[in-house]
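Taken from Swiss-Prot, the feature ATP binding site applies to GLY169, ASP170, ARG171, GLN172, THR173, GLY174, LYS175, THR176, supported by sequence analysis. The site 'Required for activity' annotation in Swiss-Prot covers SER373.
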Amino acid sequence: MQLNSTEISDLIKQRIEQFDVVSEARNEGTIVAVSDGIIRVHGLADVMQGEMIELPGNRYAIALNLERDSVGAVVMGPYADLAEGVKVKTTGRILEVPVGRGLLGRVVNTLGEPIDGKGPIDNDGFAPVEVIAPGVIDRKSVSQPVQTGYKAVDSMIPIGRGQRELIIGDRQTGKTAMAIDAIINQRDSGIKCVYVAVGQKASTIANVVRKLEEHGALANTVVVVASASEAAALQFLAPYSGCTMGEYFRDRGEDALIVYDDLSKQAVAYRQISLLLRRPPGREAYPGDVFYLHSRLLERASRVNEEYVEKFTKGAVTGKTGSLTALPIIETQAGDVSAFVPTNVISITDGQIFLETNLFNSGLRPAVNPGISVSRVGGAAQTKIIKKLSGGIRTALAQYRELAAFSQFASDLDDATRAQLEHGERVTELMKQKQYAPMSVAEQAVVIFAAEKGFLKGIALKKVGDFEAALLAFMNAEHANLMKLINDTGDYNAEIEAELKAGLDKFVATQTW
């Protein structure tokens with residue numbers, strides 16, 4: 001066979017022209033140790049802190065420890081089939097999750113993947129889970145309310161849009177119930193919600209999702225799940241993922257509410273990761289940066305000004321402020337709020353709602369202790385009518401607790417003291433509220449007005465609940481226009497006061513409770 005040199009050169013030229021290769025410079029390393037969800041990798045010289053490392057089987061790990069000879073990374077998912085000698089690659093990017101309106105009404109995992117069986121999610125792109133919080137210049141003061149629907153909270157511990165309000169208490173004191181009711185109450189308020197479940201039983205999360213659906217609030221909510229059975233890395237990252245999903249709405253001039261349930265379990269997951277990475281332990285075996293773990297998360301909840309929104313949307317949205325309100329939950333052990341994580345989160349947040357076991361067991365639900373619960377910035381955001389009327393409620397309850405303790409030792413009480421005690425008892429009874437029954441501003445105003453103006457005087461203690469239910473039914477039926485006016489404006493003036501008084505006088509005359 002005769003080889004023609006011209007043919008060969010033409011063939012080589014043709015092959016060279018057709019040759020198409022995509023060259024991608026990627027750092028490759030080898031796993032040298034695997035244990036408890038932590039891998040140690042040798043050879044990743046160019047890896048960044050927090051960078052995603054690609055593992056076989058479409059899985060990823062996150063580089064957390066950058067050491068001289070190796071990299072300590074935490075695996076996001078199952079790791080049983082990983083072994084020494086397995087090759088891994090850097091990706092050059094940090095963890096991102098899908099964001100957008102398509103997530104509303106869906107249940108997703110830490111990585112934003114759907115786990116509700118409703119098919120793929122139509123997202124508006126991806127955003128990094130770790131973002132620096134807006135600076136001082138980008139922020140605006142809190143001045144609009146977030147109505148939780150709870151009389152005890154909205155009257156005494158008001159929450160504003162862009163605030164961080166901690167819900168703290170022992171297990172089984174109604175912390176999750178309060179947060180879920182706050183989400184249900186946003187059904188028609190236009191506030192988008194994100195519920196982040198960290199380290200909880202799958203059955204508990206399923207129950208929460210079912211309740212949100214029953215009350216028509218799931219369509220307005222993103223549920224992010226990192227259950228107790230999932231890897232510690234996913235539990236540690238879930239709050240950051242949820243925060244990124246909530247920031248999507250804040251940065252576009254809308255209002256969002258995020259619940260972290262709960263940050264104690266996130267801190268435990270982070271402690272586990274840190275100890276496995278052989279980082280030095282500190283108080284209660286938590287690592288030294290556990291404060292930063294929560295502060296960098298909670299600082300992202302804020303109210304941003306019009307300029308920030310306009311700049312972020314490149315002029316598509318103008319004249320609107322955005323907000324992300326956070327309700328972190330912390331579980332205490334035997335009421336010990338001076339433990340490490342509770343004190344950290346109390347110092348980071350703008351106030352706290354203390355729920356107490358004794359109050360819960362005595363039948364006072366929500367079990368809010370108004371003496372040590374506080375809202376540091378919410379007062380400026382409180383609805384005008386509630387602010388005007390509720391001033392005496394906290395005072396009445398504080399005096400009642402003081403006198404109740406004193407009256408145990410005093411045999412005879414003067415009339416003024418007895419009247420104060422009776423008023424305090426009735427106000428305490430009035431603050432009780434059933435789960436999944438949030439109240440509108442007008443309903444709260446009517447009930448507080450009745451307490452403030454002495455309409456509860458002479459009503460038997462066990463009849464206070466019946467009085468309240470009958471009063472609200474009467475006002476909604478007979479004074480619907482007034483109730484609508486209060487709900488729409490939140491205003492309080494002499495005219496509204498006169499109409500409220502006339503309505504209550506008329507109701508008391510009926511004696512229908």
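Every residue gets a Cβ built from N, Cα and C, even glycine.
What Swiss-Prot annotates, mapped onto the structure for a quick look.
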residue: GLY169; record: ATP binding site; DSSP class: strand
residue: GLY174; record: ATP binding site; DSSP class: coil
residue: SER373; record: site 'Required for activity'; DSSP class: coil
Where THR173 (ATP binding site) and SER373 (site 'Required for activity') are concerned, what is their Cα separation in Å, rounded? 15
Relative to the Cβ of THR176 (ATP binding site), which residues of the same chain, six or more apart in sequence, are found under 8 Å away? THR204, VAL208, ASP261, ILE329
Non-site residues, in chain order, whose CB comes within 8 A of the mean position of the CB atoms of GLY169, ASP170, ARG171, GLN172, THR173, GLY174, LYS175, THR176 at ATP: GLU331, LEU355, THR357, PHE360, ALA367
Which Cβ among the binding-site residues (GLN172, THR173) has the fewest C-beta neighbours inside 10 Å? GLN172
Here are the binding-site residues: ARG171, LYS175. Which has the lowest count of other Cβ atoms within 10 Å? ARG171
Pairwise Cα distance for ARG171 (ATP binding site)/SER373 (site 'Required for activity') [Å, integer]: 18
Can you tell me the CA-to-CA distance separating GLY174 (ATP binding site) and SER373 (site 'Required for activity'), as a whole number of Å? 15
So ASP170 (ATP binding site), by the Cβ count within 10 Å over all chains shown, scores 18
